[in-house]
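Going by TrEMBL, these are the annotated features:
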- 20-42: transmembrane segment (TRANSMEM)
- 54-72: transmembrane segment (TRANSMEM)
- 79-97: transmembrane segment (TRANSMEM)
- 103-122: transmembrane segment (TRANSMEM)
- 129-147: transmembrane segment (TRANSMEM)
- 153-170: transmembrane segment (TRANSMEM)
- 177-199: transmembrane segment (TRANSMEM)
- 219-243: transmembrane segment (TRANSMEM)
- 255-280: transmembrane segment (TRANSMEM)
- 300-321: transmembrane segment (TRANSMEM)
- 328-349: transmembrane segment (TRANSMEM)
- 361-389: transmembrane segment (TRANSMEM)
Amino acid sequence: MTVALPRARTFWRDTHPSAVLSGLITMIIGWAGPNVLIYSVAQAADLSTGTAMSWLWAHAIFTGVTGILLSLRTRTPILSTWSTPGIAFLVTALPGVPFPEAVGAFITSGLLVILLGTFPPLTRALQAIPTPLAAALNAAILLPFGFRALQAFGQLPLLVGAMILAFFALRQLAPRWAVAGVLVTGVAASAGLGLLSGAPVPLELTRPEFVLPAFSLHATLSLALPLTLLAFTGQFVPGFGVLKANGYEPAPAPVLRACGAASVGAAFFGCHNLTLGALLANIVSGPEAHPDPQKRYTAAVWAGVFNIMVGLFAGTVLHLMGILPPQALAALAGLALLTATGSSLAAAFQGSRPGSLAAPVIFVVTLSGVTPLGIGAAFWGILAGLAVYGVEERRVRG
């Protein structure tokens with residue numbers, strides 16, 4: 001259900017210091033954790049610094065505006081962000097794909113999300129994919145980040161070891177700040193060990209780069225379809241679940257259409273799917289955000305405002321990442337995604353029917369990185385897993 005946009009006076013009256021703080025915390029954790037992955041994508045796909053800056057800029061501006069408008073319109077704390085499983089997927093899937101074709105795939109994925117929000121049967125069809133299968137796909141995409149963190153430990157044990165200890169200590173003492181604490185520890189340890197780059201870090205507004213898209217069947221199958229599935233199962237479904245757990249039930253269709261439209265716009269500046277926040281949604285929708293549940297929408301608005309403010313200087317953020325040794329970034333990414341990796345593995349294999357091979361097939365094929373016909377492993381993993389699931393279901397019912 002939507003309502004009229006609140007007047008500025010109403011918004012300021014509804015705002016509480018805890019809402020401002022929750023919005024700030026959401027921004028800090030988002031930029032300290034998942035947003036660091038863009039540096040990994042840029043390195044893996046050999047993207048220019050300008051392209052990576054534009055990607056971050058588009059993410060911050062479009063998600064900030066989308067979250068603000070949806071939150072004000074529905075009076076619900078709706079956090080918009082990019083697809084974290086999607087950016088993790090692109091670390092291995094984007095290399096080898098011409099970037100204009102990747103942008104075409106980002107646009108296609110955004111249009112598919114709009115279709116999901118326009119035609120309910122499509123949403124129901126995607127919801128019919130068993131949770132263990134979607135979780136197995138997600139786990140196969142996230143697990144390599146843990147491997148890279150361990151490889152980084154083998155190369156720089158003192159640095160990465162300090163980050164690992166900080167992560168697990170903060171998980172016990174202040175879970176919300178665990179990832180941000182790992183980043184601070186990584187910077188401090190790198191400085192202490194003399195591993196920081198001496199390159200200057202300019203403070204300047206980011207100039208977005210417009211990318212003329214190209215469309216290809218290869219990019220559609222390798223990128224657009226997996227990105228859409230990951231956005232829906234890895235962000236929208238758990239995101240709505242978090243909101244429901246905190247007492248909010250916004251209509252899915254307008255949120256899907258808004259995020260899909262924002263994705264299409266952001267894609268022209270190099271950014272992939274923009275979705276509903278899941279990992280960080282609890283911060284703006286939980287009791288710490290505002291004592292009055294009806295006014296927690298202000299926390300999501302502040303998160304959007306802070307995201308836009310930092311996004312204007314996305315280039316500075318990217319340069320800050322560049323002064324850290326690659327092992328620190330690998331450890332940060334692996335630790336930031338560790339909880340999601342564990343949850344996906346548990347959902348994939350504990351939730352499967354005993355003896356079922358569908359989830360293991362998706363997991364193994366996707367993790368293998370095989371690219372028959374030049375099409376990415378995620379597509380073949382989905383195809384193989386669904387085929388096995390269909391055969392198993394026929395046998396059970398027959």
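Cβ atoms here come from the backbone N, Cα and C positions, even for glycine.
Annotations in TrEMBL come from automatic prediction, not curation.
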Completion exercise
Stretch winning on C-beta pairs under 8 A with the transmembrane segment (328-349) (pool: 54-72, 79-97, 103-122, 219-243, 361-389) is 79-97
Problem - Per Cβ pairs under 8 Å, the stretch of 129-147, 219-243, 255-280 packing most closely against the transmembrane segment (103-122) - result: 255-280
Completion exercise
Beyond a gap of at least 6 residues from its ends, the CB atoms lying under 8 Å from the transmembrane segment (219-243) belong to 76-79, 81, 83-86, 89-90, 93-94, 97, 101-102, 104-106, 108-109, 112-113, 116, 126-127, 129, 131, 134-135, 137-138, 141, 249-250, 252, 255-256, 259, 272-273, 275-278, 281-282, 285, 371, 374-376, 378-379, 382
Handout entry: Proximity of the transmembrane segment (79-97) to the transmembrane segment (255-280), 3+ C-beta pairs under 8 angstroms
Key = yes
Exercise for the section: Report the listed stretch (54-72, 255-280, 300-321, 361-389) having the maximum count of Cβ pairs within less than 8 Å of the transmembrane segment (129-147). Expected result: 361-389
Practice task
Report, as numbers and ranges, every residue of the chain located at least six residues beyond the transmembrane segment (177-199) whose Cβ falls under 8 Å of a Cβ in that stretch; write 'none' if there are none.
Solution key: 28-29, 32-33, 36, 156, 158-159, 162-163, 166-167, 170-171, 319, 322-325, 328, 331-332, 335-336
Problem - Touch test for the transmembrane segment (54-72) and the transmembrane segment (361-389), at least 3 Cβ pairs under 8 Å - result: no
